[in-house]
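Comments concern the structure below.
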């Protein structure tokens with residue numbers, strides 16, 4: 001996804017589709033090259049998702065009781081998702097910066113620690129949060145669409161809201177696909193802010209691309225309207241299993257913990 005969203009890639013890093021990109025990267029740069037940045041992503045994902053789902057569940061219940069007591073409110077679901085995103089992205093943004101810089105073509109970084117030190121030394125701590133506002137601008141509508149779509153599909157596929165792995169996987173995958181496709185232009189701008197592509201910087205007088213408005217202008221100047229949808233296929237393919245797994249795991253542990261609480265109460 002990061003490679004395909006590059007605005008002015010090197011000739012050797014131009015790809016027509018996701019499968020070709022994976023094949024060429026693995027063949028020319030090594031089988032493990034597509035996995036670069038996985039360790040820093042995994043490190044950030046743990047605390048980020050813990051904050052994310054804990055905040056979502058608490059706010060969803062609180063807001064639903066206020067807006068539609070005893071029922072499900074799509075407004076409450078969307079609002080809870082938006083607030084949860086603030087905490088999730090605060091924990092995840094630095095890891096995303098490092099991951100994307102390591103994934104760029106001819107990246108000079110071999111290890112996560114090398115990338116972190118170089119960014120800190122050359123650009124300062126603020127570089128890890130340069131795309132934070134854009135990340136929020138992208139993820140707030142993404143999560144609002146994501147959560148509302150998931151909850152809507154659950155109402156259709158699982159109206160009694162019981163633990164049903166199949167419905168959780170399908171609802172999660174579809175919700176992720178819809179939200180990913182709708183917010184791809186913002187993701188392209190976020191990638192540009194994180195990577196600070198040298199070829200794109202040549203069109204920027206300040207030397208650094210900062211802020212969503214600047215990123216949007218640069219994307220248009222370099223690639224036109226179609227550049228906003230670079231990597232949309234890769235983004236959807238990435239998000240579908242990601243959200244399907246996240247929701248199925250979340251619902252599984254929610255079911256287990258709820259069941260244990262009920263058993264404890266029954267035992268008393």
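Cβ coordinates are placed from backbone N, Cα and C, and glycine is handled just like the others.
Per TrEMBL, repeat 'Solcar' is recorded for 1-62 (among others).
Look at TrEMBL and you will find 72-156 (among others) tagged as repeat 'Solcar'. Using DSSP to sort the residues of the repeat 'Solcar' (72-156) gives these counts of helix, strand and coil: 72 helix, 0 strand, 13 coil.
Across the residues of the repeat 'Solcar' (163-256), the predicted structure has a mean pLDDT of 82. Look at TrEMBL and you will find 163-256 (among others) tagged as repeat 'Solcar'.
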